[in-house]
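J.: In case it helps, TrEMBL gives these features for our protein:
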DOMAIN    A:1-110  domain 'NADH:ubiquinone oxidoreductase chain 4 N-terminal'
DOMAIN    A:113-403  domain 'NADH:quinone oxidoreductase/Mrp antiporter transmembrane'
TRANSMEM  A:21-42  transmembrane segment
TRANSMEM  A:62-81  transmembrane segment
TRANSMEM  A:93-111  transmembrane segment
TRANSMEM  A:117-134  transmembrane segment
TRANSMEM  A:146-168  transmembrane segment
TRANSMEM  A:195-217  transmembrane segment
TRANSMEM  A:229-252  transmembrane segment
TRANSMEM  A:258-279  transmembrane segment
TRANSMEM  A:286-304  transmembrane segment
TRANSMEM  A:310-331  transmembrane segment
TRANSMEM  A:343-362  transmembrane segment
TRANSMEM  A:392-413  transmembrane segment
Amino acid sequence: MLKILLPTIMLFPTTWLAPMKWLWPISLTHSLIIALLSLTWFKWDSDIGWNFSNQYLAMDPLSMPLLILTCWLLPLMIMASQNHMNSEPIIRQRIYLTLLISLQSFLIMAFSATELIMFYVMFEATLIPTLIIITRWGNQTERLNAGIYFLFYTLIGSLPLLIALLTLQNSLGTLSMITMQYSQPSELLLWADKFWWTASVMAFLVKMPLYGVHLWLPKAHVEAPIAGSMILAAILLKLGGYGMMRIIIMLNPLTKELAYPFIILAIWGIIMTSSICLRQTDLKSLIAYSSVSHMGLVAGAILIQTPWSFAGAITLMIAHGLISSALFCLANTNYERTHSRTLLLARGIQIALPLMTTWWFLTNLANLALPPTPNLMGELLIISSLFNWSNWTIILTGLGVLITASYSLYMFLMTQRGPIQNHIPSLIPSHTREHLLLTLHLLPMLLLILKPELIMGWT
Amino acid sequence: MAALLRLCLRPVPRRLLLLLPREPAGLSRAASSSGPASSVSPSALAGPSELPPGFAGAQPPEVNLYDQNPEYHGFSADPVVDVWNMRLAFFFGISLAIVVGSTFVHYLPDHG
């Protein structure tokens, strides 16, 4: 664990001591080496369920794919940010990279934490660099409002979680995840235990986000710069899913009754948010609502707590992380050229940038869960397990799949097909950097098609 | 002509408006019922020529970097750094991380 965490922390002095001209190549190379080393985490040789452990940090089949995705995403964020950061003063470029690296460090510690308070502290710590990235480097005045929504939605959910964790520590004597699974389940009979259950899951449901408490997400994703959108969509939402999967083992037997309204909200949210996608005029907003829709499936799967649903949730989290990040990168290629996120203003791009259309096509196909992508594997497992839990859910999840396919095709056709707009007769050709960025998103997706069990958790 | 345009940009001072013939109250359609305090004073409005120099929102003029460097890869305006950045990104990203990394993962023993 430390052989990845310490090089990540050493990225701080690398960023501040690198010569001005070579700052971005050096930090990109360093982060790619860390990403390469993180692939050793796929090696599984433990009988006790936890691997690569030390006193505070360990890994298991749930956190392992998320950790590797986190390490993979940093070089992609660095590559995506190079163009728009070129015109900034060098100090601000270093600060920007420092924020990305601090996010990476907090996320590694959050996913590998074996103790719930450490997880909570790292969960909260990720808010600060993200808030600074959104409010300082966002492009529109609405970024301030977006930062407020992002911060306060998450805090209102997570402060009760702190109380709940301290209560749990009081009753169990420990918050170590390693031993929690072996402790006697407490009899949660009191009315106050229901509040404790809600306090435990609310923070993660807000983070995921659950439909109903999702309003922070479109604002934050849209107003953030490209690296902010990538890390939000790919990793930070999954913190919510991961946290819920960790805490929910302690919440039985209350979950069987109390989860009902949240499962209903999650599944209904799939329909609502995917329908909203069909009416969006802002490209980044469309992708943001698409994330809410996919995370609704994940939330429903985690709340029903079956082996297949957990496997589907983990698979979909990883697959969605890669694809959603790729979609934001594609939207950014449009934005850097036209300085507009409006769908109507950047149409017919295929004529101007035909190679980028290939990436748009593949990414949209993966987003609509085309077989044999891991997106489909995750969605199938989740939909099957939800059907097993209640047959009626198939109506909503099936409708959700149809609408997902509709808006993914809509997004592709609106941006790529049709006549190119008169006000953008010539666009700067696609850069090698942009093609490489999308390759590095889609090649892992292709490789996961061949070996999906890597990201399926405990199967 | 420019002076005329500048006149169009500036709002007409209130004292000049008061000199205009007024319509009978029954015929007016757009009479404001709010007092004079609610209207914006002309001094509060500034034309574009009165923005402070070095306006914070001003972006540097956009330059097509392909004009300066036909071999531009998208990484840096400096051609040497651009090429080396591209090489490093492809070597560490594709050759090592994807190719060597996926070979390593393929040959891992099965577990579970």
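Heads up, the Cβ atoms here are built off N, Cα and C, so glycines get one too.
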J.: Give the residue counts of the domain 'NADH:ubiquinone oxidoreductase chain 4 N-terminal' (A:1-110) per reduced DSSP state, in the order helix, strand, coil.
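T.: Final tally across the stretch: 79 helix, 3 strand, 28 coil.
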J.: I'd like to know the mean pLDDT over the domain 'NADH:ubiquinone oxidoreductase chain 4 N-terminal' (A:1-110).
T.: 93
J.: Using a Cβ cut-off of under 8 Å, list the residues of the same chain at least 6 residues beyond the transmembrane segment (A:258-279) that approach it.
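T.: For the transmembrane segment (A:258-279), the nonlocal Cβ contacts are 194, 197-198, 201, 205, 210-212, 214, 286, 289-290, 292-293, 296-297, 299-300, 303-304, 386, 393, 396-397, 399-400, 403-404, 406-407, 410-411.
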J.: Residues of the same chain, at least six outside the transmembrane segment (A:392-413), with any C-beta under 8 angstroms of its C-beta?
T.: 267-268, 270-271, 274-275, 277-278, 283, 286-287, 290, 293-294, 296-297, 300, 343, 360-361, 364-365, 367-369, 379, 382-383, 386
J.: Name the range, of those listed as A:21-42, A:195-217, A:229-252, that has the largest tally of Cβ pairs under 8 Å with the transmembrane segment (A:62-81).
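T.: Looking at each of A:21-42, A:195-217, A:229-252 in turn, the most contacts to the transmembrane segment (A:62-81) are made by A:21-42.
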J.: Quick one: do the transmembrane segment (A:229-252) and the transmembrane segment (A:310-331) have at least 3 Cβ pairs under 8 Å, skipping pairs fewer than 6 apart in sequence?
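T.: The answer is yes, given that the two segments have at least 3 Cβ pairs within the 8 Å cut-off.
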